[in-house]
Amino acid sequence: MESVLKLISEQRCFDGRQLRFSHRSQVLDCDMVFSLYLPPQAVSTPVPLVTWLSGLTCTDENFVTKAGAQRYAAALGLAILAPDTSPRGEGVPDDEAAAYDLGLGAGFYVNASEAPWAAHYQMYDYVVAELPTLLRNSDLPLDFSRQAIFGHSMGGHGALIIGLRNPQTYAAIGAFAPIVAPGQCPWGTKALTAYLGEDSAAWRQWDARELILACNHQAAVPIRIDQGLADQFLDAQLKPQLLLDAAPEAYPLHYFAHEGYDHSYFFIASFVGEQLAFLNTHL
Ligand SMILES: N[C@@H](CCC(=O)N[C@@H](CSC=O)C(=O)NCC(=O)O)C(=O)O
C-alpha cells in the first residue's frame with residue numbers, strides 16, 4: 001500500500017536521519033508538513049518518541065534548525081517529532097490583521113469551536129490522535145509505548161495541556177518558558193476568545209493551571225520547566241508562578257530559573273540536553 005506520508009527531505013545528522021514529511025490531514029482539512037529525527041539506534045530497534053511543540057510564528061523547522069537537539073537525541077536514542085504550529089494553505093483562515101499571535105502559526109494546540117476557525121484549527125486532535133496514528137501506520141521504527149512531550153512558549157502550553165490530559169500516553173512533560181495560564185495573559189485570552197468563544201468556562205480544559213488544580217495526583221505526569229529570567233515575555237505572558245502556586249507541594253514539578261537567558265532559541269539550545277535527559281529518565 002502506498003504510504004500517506006510523503007518524504008520530502010532527508011539529511012544525515014549525528015549518525016541518525018533528520019526527515020521531513022508532507023501529508024493530507026483529515027482533522028485540519030489541509031496539507032501539512034512535519035519533521036522527524038530518527039537516532040542511529042532506530043536502525044536496529046524501535047525508539048521512544050518525544051514530541052516537540054513550537055511557539056508562535058514557528059513552523060516545524062525552527063526547532064530542527066536552531067535547537068541543536070539532534071546531538072542529544074542521538075546519544076539517548078530518542079526520536080523527535082516536530083509538527084507545525086497551525087493548519088496552513090489555501091482556504092485556511094488567518095487573523096484579519098495577520099497578527100503573529102492568532103491564526104497561522106498560532107494554533108495554540110486547541111480544538112476550535114468558533115467560526116471561522118473550527119473548520120481547520122483542530123491542533124489538539126492533530127497532535128494527540130491523527131499524527132500518531134499516521135506514524136503508527138507507517139513503517140517508521142517508533143515505540144509508541146514510550147512517549148514524552150515538550151515545547152516552547154505557546155508550545156510549552158501545548159505540551160503541558162496535552163501531557164496533563166493524556167497521562168496514559170505521555171510519561172513526562174518538558175517546557176521552555178511556557179504560557180502556563182492562557183486564561184490570564186494577553187496572548188492566551190486573545191486566542192481562546194477567538195477559537196473557543198467568550199465564555200471562559202470553556203477555556204479551562206485548555207489551561208495548564210486549571211488542569212493541574214483539577215488533576216488526579218496519583219497519576220501525576222512529571223514536569224520540568226526551564227525559564228529564562230531575562231525573558232521579555234516573562235511577566236506579561238508566561239507567569240510561571242501561577243502554575244507553581246497551583247501545583248500541590250507533592251506534585252513532581254521541577255522548575256529551573258536561569259539568570260540572563262531570554263525567550264529565544266539560544267536559551268532552548270542551552271538547556272535542550274537537560275530537558276531531553278529528564279524526559280528520557282521517564283521513558
Ligand atoms: N514576533 C513576535 C514574537 C514572536 C516570538 O518570539 N516567537 C517565539 C515563540 S513566542 C511564544 O510562543 C519563537 O519561537 N520564534 C521563532 C524563533 O525562531 O525564534 C514579537 O516580535 O514580539
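Think of each number as a place in line: the chain as shown, counted from 1.
Any Cβ shown, glycine's included, is placed from N, Cα and C.
A TrEMBL annotation is a machine prediction, not a hand-curated record.
As annotated by TrEMBL, active site, charge relay system applies to S153, D231, H263.
A Cα-Cα distance of 8 Å separates S153 (active site, charge relay system) from H263 (active site, charge relay system). Here the C-alpha separation of D231 (active site, charge relay system) and H263 (active site, charge relay system) works out to 5 Å.
Taking a C-beta cut-off of under 8 angstroms and a sequence separation of 6 or more, H263 (active site, charge relay system) has the following same-chain neighbours: S153, A177, G228, D231, Q232, F233. The Cβ of D231 (active site, charge relay system) has 21 other Cβ atoms within 10 Å, all protein chains considered. There are 25 other Cβ atoms within 10 Å of the Cβ belonging to S153 (active site, charge relay system).
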